[in-house]
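Peer 1: First, the structure itself, so that you have it in front of you.
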Amino acid sequence: MTTSPLLDATGVAKNYGAVAALRNASLSVLPGEVHALMGANGAGKSTLVKILTGAIQANAGRFLIRGEARDIRSPAAARRAGLLPVYQEPSLIPDLDVLSNLRLTGTPVEPFRAWVRELGIADLDLRDTARDIPLAVLRVLDLARALAVEPDVLLLDEMTAALPANLAEKVLEVVRRQGDAGRAVIFISHRFVEISALCDRATVLRDGETVGVVDIVPGVEEKIVELMLGTRIVKTHVAARGAAEKAAPAPARPRIAVKNLRVGTKLNDVSFDLRDGEVAGVVALEGQGQDELFAALAGSIRPSGGTIEVDGQQAKFAHPIDAIRAGIAYVPGDRSEALAMQRSVRENIALPFSAALRNWGPINMRKERDTVLGAIKRLQIDTRAQGEVQRLSGGNQQKVTIARWIAADARTILCFDPTRGIDVGTKQEIYKLLRELAGHGKSVLFYTSELEEVQRVCDRVIVIFGGRLVDIFPVEEADEPALMRAAYGLPRGAKADVGILAAPNASEPGATP
Amino acid sequence: MSHFLRRHGWVVGLFALLIVLFIATRIIQPGYDSGDFGSLARAVLPYAFAVAAQTVVVIAGGIDLSVAAMMALTSVTAASMMAGASEEYALFVVPFVLAMGFVLGALNGLLIVVTRVPDIVVTLAMLFVLQGAALLVLDAPGGGAAEWLKALISGTVPIPGLPDAIDAWLPKVLLVLIVCVCVIWIPLRRSRLGLSIYAIGSSELAAFRSGVPVKRTRIIAYALSGLFAAFGGLALTMSTGIGAPIPGPYLLASVAAVVLGGVALGGGKGGLLGPIVAVFVLRLVRTDLTLLAIDPNVTAIIEGLIMVAVVMFGAFITMRGRQ
Amino acid sequence: AAGKYTIGISNTVQGNGWREEMVCAMKAQALASGEVAKLNIAHRNTDAAGQLEDIRNLISAKVNAIVVNPADPAGIKAGLEEATKAGIVVVAVDQAVTEPSAYIISNNQEEYAYLGAKWLFQQMGGKGEVFYMRGAAGASADSDRDKGFKKALAEFPNVKVAQEVFTGWQQDQAKQQMLSFLATGTPFNGVWTSGIDNVIVDALVESQAPLVPVVGADNAGFVGQLSSVKGLVGAAVTNPGSIGGAGVTLALQILDGKKPAQQTVLVQPQLWENATEEGKAKLKAAADPSLSPEWPVSISIPDWTTYTKDQIVACKGPGE
Amino acid sequence: MSTSAITPVPFGRRVKRFMADRPLVPLIILLVILVVILQILRPGIVNERWIANTIKFAIPLAILAGCQTMTMLTGGIDLSVGTVATMSAFIMATQIVNQDPAIAFLLAMMPAVLIGLVNGIGVGVFRVHPLIMTLGTSLIGTGCLQVYQRTVIASGAKIPDFLAWLGTGVTPIVGFAFPNALLLFVPLAALIVFTLARTGFGRLLYAVGDNERATRLSGVQYWQVITALYVTSSVLAGITGLLYIGLIKAPSLSLAEPLVLPSVAAAVIGGTSIFGGRGGYTGTIIGALILTVLTTLLTILQMPEGARRILFGLIVLFVTAAYLRIVEER
Ligand SMILES: Nc1ncnc2c1ncn2[C@@H]1O[C@H](COP(=O)(O)OP(=O)(O)OP(=O)(O)O)[C@@H](O)[C@H]1O
Ligand SMILES: Nc1ncnc2c1ncn2[C@@H]1O[C@H](COP(=O)(O)OP(=O)(O)OP(=O)(O)O)[C@@H](O)[C@H]1O
Ligand SMILES: [Mg+2]
Ligand SMILES: [Mg+2]
């Protein structure tokens with residue numbers, strides 16, 4: 001290829017105290033390409049993006065933009081250089097309305113509106129305050145805001161991770177067209193489907209170092225995984241359920257019985273059972289009421305109608321403590337919602353032990369240590385950054401949120417998108433863990449935004465659309481097209497074209513100019 | 001309309017409360033007239049500037065404990081410069097003192113940014129520093145003020161064509177307040193700088209990532225606070241004709257009015273109108289209590305109760321709204 | 001007889017024994033006079049600007065007279081002028097005001113300091129080092145007293161100030177300052193205090209330091225100590241809080257048409273010492289252990305107040 | 001990542017890291033430096049009597065700063081401690097005149113519990129900002145105290161001997177005069193340190209200050225923690241009031257108010273984050289000692305009052321900034 005790179009970074013290093021987030025990373029992006037940045041959790045992808053966009057300063061590194069050495073000292077400077085990021089976390093100012101947010105960054109309004117519409121959000125009021133907008137929509141607005149100024153290089157950090165399939169699909173379409181228009185996109189994702197559908201090349205990071213740059217061709221996944229994980233063994237088929245497990249007789253009464261549950265206008269007349277020893281998957285597009293369902297079961301919000309029965313007894317949850325007392329634990333999708341970031345791994349895992357008034361007294365330190373260590377071992381949490389949870393990588397943070405309930409020995413775990421933004425290796429571990437829990441007679445309610453996971457982990461599938469229960473069916477009948485159709489509220493058996501995700505291999509990798 | 005109410009509901013409610021209080025005042029003291037309203041406006045002036053000073057930094061996500069000390073320092077500086085000086089000299093003193101407030105406010109911001117010590121601690125330390133400086137300027141109340149400055153806040157604004165009965169309800173001091181605040185606030189509110197101040201108060205990280213120069217904006221917010229405090233200091237000198245080195249009760253009052261005015265202490269929300277209306281409400285409550293000749297000690301209890309009750313009520317409303 | 005006047009009161013220091021006594025004296029005198037229907041009291045911690053607000057509120061309340069302890073002599077001129085214009089009689093107590101139309105009845109602060117300092121320097125034999133414990137930096141009463149102290153100091157060239165501190169009229173701060181000073185081992189021969197006196201004697205006794213002569217005010221606690229603490233030589237200079245009652249009397253006289261000859265009436269301080277038998281007798285007569293230690297014992301001023309001790313201690317005004 | 005252990009670390013960095021791991025060390029060094037300066041300015045001042053006095057005055061400050069430390073850990077602040085301490089002290093001194101000591105004590109602690117409860121409910125249930133809530137209750141408390149004062153003018157006040165003994169007394173042990181107040185303070189401080197480090201309640205304070213939503217999802221009931229916290233804080237303030245009246249021996253209506261801002265400063269100097277989630281009580285105690293010594297130092301320097309205040313402000317700022325720098329090295 002003769003074209004000179006649009007962006008070329010070499011020898012990038014960044015230390016956080018004793019932890020080296022990046023050691024010798026490099027990245028070179030050509031005009032018109034969609035370039036994947038891949039790596040396990042904690043490999044340093046987000047750190048590299050932050051450095052390239054001036055959000056943090058590198059300790060070392062050389063940066064060329066269109067062949068010229070540039071020092072990117074602030075987000076404003078990166079913006080001037082034509083580099084625009086969409087970070088892993090939303091970056092709209094929460095208390096300003098969308099319009100003011102646009103004014104703040106000097107984004108032209110009309111192109112923004114056009115992009116928002118293009119990205120599949122029809123009814124956006126620019127005077128809405130960012131705080132009141134759902135997370136998934138915020139991410140799309142972030143993207144539209146970046147697109148509106150037509151950047152030379154767009155950096156998307158796990159843009160699709162928190163998006164429901166319908167929005168993710170739109171995003172992928174738009175991103176691919178960016179590449180076609182001669183601009184460059186740096187695309188971070190843990191989803192191979194997206195990478196192979198979208199990207200031209202991939203740079204793979206491991207432990208803060210660039211370990212390879214590969215062209216995306218069919219079948220390259222294995223190679224990438226090898227690069228990403230080094231010697232780590234992957235793809236053991238943990239998710240397959242043993243025959244013995246399946247043969248266990250169904251208990252007489254369900255662990256949890258939800259009857260005609262209603263939450264405001266978001267959730268309507270939903271009924272299902274959750275049995276001991278099963279993993280039930282919830283499949284839904286973004287904002288179909290699944291948030292409310294989980295929140296109601298976890299005791300975070302009060303339902304406006306219907307009943308929840310636990311072990312045959314009707315339960316009323318006024319506070320999460322009530323659900324926890326009933327043995328129901330909630331693992332939220334957003335880790336920052338679940339962790340005390342400045343406290344240690346140990347304190348975070350042990351947090352539920354101190355919650356009840358009668359446990360406010362002196363702590364039995366030995367007992368606590370043993371329990372916590374057991375949970376850490378079981379989840380293989382990398383605790384090198386023990387002191388403060390905020391220094392752990394995203395994947396390890398997620399493990400801590402689950403470890404807490406393993407340690408507390410909760411009977412039912414509500415997992416809301418626990419694999420969001422987690423690398424394949426860790427994902428496998430989590431699948432295995434959920435199956436194990438079910439094997440030990442626990443019950444799990446599992447929402448995921450990745451349909452493929454449903455097939456791997458769940459026994460039954462509960463589909464919700466528009467706040468109503470669409471269907472409940474055993475996993476054997478849940479192939480991806482069937483799930484997709486159900487998620488769109490279509491009856492089982494009907495045929496419909498639901499976009500590129502349904503048949504990812506049908507689309508060619510984007511052509512290089 | 002519902003949009004407007006949702007966003008400005010609190011201020012509208014405060015206005016309603018103010019009107020109710022005016023009616024109550026007329027009932028308590030049927031002779032309460034325009035002259036008394038002028039007195040109220042004069043009492044409000046230093047508080048209004050103090051609260052404006054506090055509001056700007058609170059919106060920017062900070063707090064300024066040095067507001068009252070800054071008012072004391074600027075007040076004694078103005079008073080000692082004008083003591084025995086000519087009337088024209090005051091024309092130079094006023095901008096000098098305002099600039100001084102601006103610079104010292106910027107120093108507050110600079111120290112916060114450079115030392116990375118929490119704002120509440122930096123401004124607490126500056127409270128002592130500014131108090132000390134005020135004592136070095138004047139070790140006892142004293143100094144003087146130019147006659148034209150004092151005249152600026154007494155009397156009413158004669159607007160041609162308007163009947164005197166209405167003119168009488170337009171005290172000059174109210175005009176001074178509106179002009180001084182609007183000249184700074186309205187352009188600010190409409191500028192990118194103003195947006196940036198709201199942005200850093202709402203989420204510093206998001207603001208930084210949106211390309212807002214966070215440090216510079218913070219310094220400017222504190223500088224503006226200093227400027228408003230300097231206006232407050234001048235207001236003190238204008239109304240009393242002297243400068244007093246011991247700070248008045250403006251710090252607590254400013255925090256209370258900011259909260260009553262619907263500005264979230266976490267930053268990023270609210271405006272200047274609410275807190276200023278809140279100042280009128282609090283001052284009028286004070287007047288009513290005096291008119292009712294309520295035991296002064298009970299007055300303190302009532303003022304505390306109002307503060308707590310109104311804030312609790314506001315919290316209650318937001319909680320209900322969230323559910 | 002039901003009174004006919006409404007009197008407004010404005011005071012800007014709250015929670016200080018002296019000021020509380022002043023307000024109680026005002027109430028008691030208003031009650032005892034029988035001429036007052038209602039008192040309207042604005043009594044709180046504030047500055048000159050706050051007092052202006054209070055005075056204007058009292059004008060709005062249409063009182064007949066305002067008795068004011070000014071936060072600053074010049075700072076409330078505008079408000080007092082407005083009051084006079086509205087036909088209200090204005091009497092300033094304790095400190096002077098610059099508004100010419102106001103009447104003033106006050107303790108002589110300069111004389112207060114001069115009297116005590118002069119006695120102290122004589123006790124010290126006209127030479128030595130004095131620990132000078134002032135009031136609140138920036139308060140006008142403090143700077144007036146400083147004038148008196150300096151005047152006495154000028155008369156005794158061999159007396160030096162060992163150290164000068166501002167107690168802020170706060171007991172704990174004063175005590176800590178005294179203890180720190182004692183710990184330095186600096187020699188000193190006398191202590192002059194601006195009314196924060198009993199804690200100083202406590203500090204001297206507790207740390208077993210030599211009991212040097214101490215000058216304070218006529219606070220109940222200190223007056224008691226002057227008779228009870230062995231070996232303590234000291235003097236209490238009167239600074240009656242009951243001046244407030246005198247202010248009410250003056251206001252009523254003016255309302256009744258009996259204007260005084262001058263605008264300003266000064267109440268001269270007295271000095272009660274325990275170095276002579278005569279002084280001791282005076283002290284004994286004045287001592288009143290039943291009062292709060294922060295209250296001045298001179299709870300009445302002859303010719304000016306007519307209430308009884310029970311009335312001032314009860315602290316009730318007309319209609320309460 | 002383990003390579004950093006192999007490369008030699010420069011000495012300066014090593015010292016800094018050593019201090020960062022033991023954040024108390026720089027504070028203690030500062031305290032010693034202040035005492036040395038004092039000794040140089042006034043040779044002979046640092047003697048047994050001075051030490052006893054300094055400790056006596058630092059203790060009430062340190063306990064109130066403990067209230068600030070605990071509330072600051074949850075992201076709060078308790079500005080009502082001054083009023084609460086004053087109320088307890090004043091009520092004790094006036095009720096002891098004609099009440100049984102035990103009853104007087106109970107009466108004295110009543111407003112403390114009440115104000116703590118109101119603070120806790122306001123902050124924990126109604127979610128009022130702690131700054132506003134505690135300011136409001138302290139205004140109300142002051143008003144009530146003044147009304148109360150009217151009712152006891154006739155009966156006068158008295159300082160119970162026991163409190164005077166506790167506040168001002170010293171007991172010579174092996175030739176050194178130990179202030180009796182230590183009898184109260186040492187167990188109290190040990191209890192606070194233990195509570196913060198080793199009890200469920202202490203854990204919750206840190207966790208709530210760090211991420212309240214996370215604690216809620218873990219089953220923590222915020223209002224319970226906050227109410228218990230503010231009641232504890234108020235009770236501590238009440239006890240401080242009793243100790244302080246024994247020290248000052250003069251009941252006044254603003255007795256402990258001057259301690260409020262320094263108590264915040266002491267907690268901050270001691271390394272507690274005003275935003276919550278970080279800090280501890282040992283640092284606070286040293287912070288209180290530093291402030292007390294600093295006050296003495298400034299008293300001794302013959303300077304105008306204004307200059308002294310300027311110096312005080314600058315030193316507080318400088319110490320906090322320097323300390324932050326050192327601890328950030330971690
Ligand atoms: N502020 C910080 N302080 C200390 N260490 C940090 C900080 N931010 C990141 N790290 C560390 O740097 C490493 C790289 O983190 P980074 O967030 O870049 O990983 P990532 O590749 O984006 O992972 P993920 O896929 O989980 O998002 C991790 O080991 C992390 O613990
Ligand atoms: N401090 C602790 N350290 C370690 N594990 C704990 C601790 N407290 C409780 N656990 C464990 O957590 C699980 C549930 O805790 P929970 O608080 O419900 O028990 P508990 O009510 O404290 O029981 P009990 O009061 O009978 O000891 C149990 O397995 C228990 O052993
Ligand atoms: Mg990342
Ligand atoms: Mg990460």
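Placement of Cβ uses the backbone N, Cα and C atoms for every residue, glycine included.
So TrEMBL has the following annotated:
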TRANSMEM  B:9-28  transmembrane segment
TRANSMEM  B:40-60  transmembrane segment
TRANSMEM  B:67-85  transmembrane segment
TRANSMEM  B:91-113  transmembrane segment
TRANSMEM  B:120-138  transmembrane segment
TRANSMEM  B:169-188  transmembrane segment
TRANSMEM  B:219-242  transmembrane segment
TRANSMEM  B:248-265  transmembrane segment
TRANSMEM  B:300-319  transmembrane segment
Peer 1: Does the chain bring the transmembrane segment (B:40-60) near the transmembrane segment (B:120-138), so that three or more CB pairs sit under 8 Å (pairs 6 or more apart in sequence)?
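Peer 2: Not in contact, no.
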Peer 1: What parts of the chain pack near the transmembrane segment (B:91-113), using Cβ distances under 8 Å and only residues at least 6 beyond its ends?
Peer 2: 62, 64, 66, 70, 73-74, 77-78, 81-82, 85, 119, 122-123, 126, 130, 146, 149, 215, 218-231, 233-234
Peer 1: Quickly jot the same-chain residues contacting the transmembrane segment (B:248-265) by Cβ under 8 Å, restricted to those at least six beyond its ends, or write none.
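Peer 2: Same-chain contacts beyond the flanks: 10-11, 14, 46-47, 50-51, 53-55, 58-59, 63, 65, 67-69, 71-72, 127, 232, 236, 271, 273-279, 281-282, 307, 310-311, 314.
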Peer 1: Taking the transmembrane segment (B:169-188) as the first stretch and the transmembrane segment (B:67-85) as the second, find out whether 3 or more Cβ pairs fall under 8 Å, excluding pairs closer than 6 in sequence.
Peer 2: no
Peer 1: Are there residues at least 6 beyond the ends of the transmembrane segment (B:67-85) whose Cβ is under 8 Å from a Cβ of it, and what are they?
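Peer 2: Answer is 46, 49-50, 53-54, 93-94, 96-97, 100-101, 104-105, 126-131, 133-134, 137-138, 142-146, 149, 225-226, 229-230, 232-234, 236-237, 241-251, 254.
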Peer 1: Do any residues, 6 or more residues outside the transmembrane segment (B:219-242), come within under 8 Å Cβ-to-Cβ of it, and if so which ones?
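Peer 2: Here the qualifying positions are 42, 45-46, 49-50, 52-54, 56-57, 59-60, 62, 64, 67, 70-75, 77-79, 82, 94, 97-98, 100-110, 112-113, 141-145, 149-150, 152-153, 180, 184, 188, 193, 197, 200, 248, 250.
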Peer 1: Short question: which residues 6 or more past the ends of the transmembrane segment (B:9-28) have a Cβ under 8 Å from it?
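Peer 2: Answer is 260-262, 271, 273-274, 277-278, 280-281, 284-285, 287-288, 291-292, 314.
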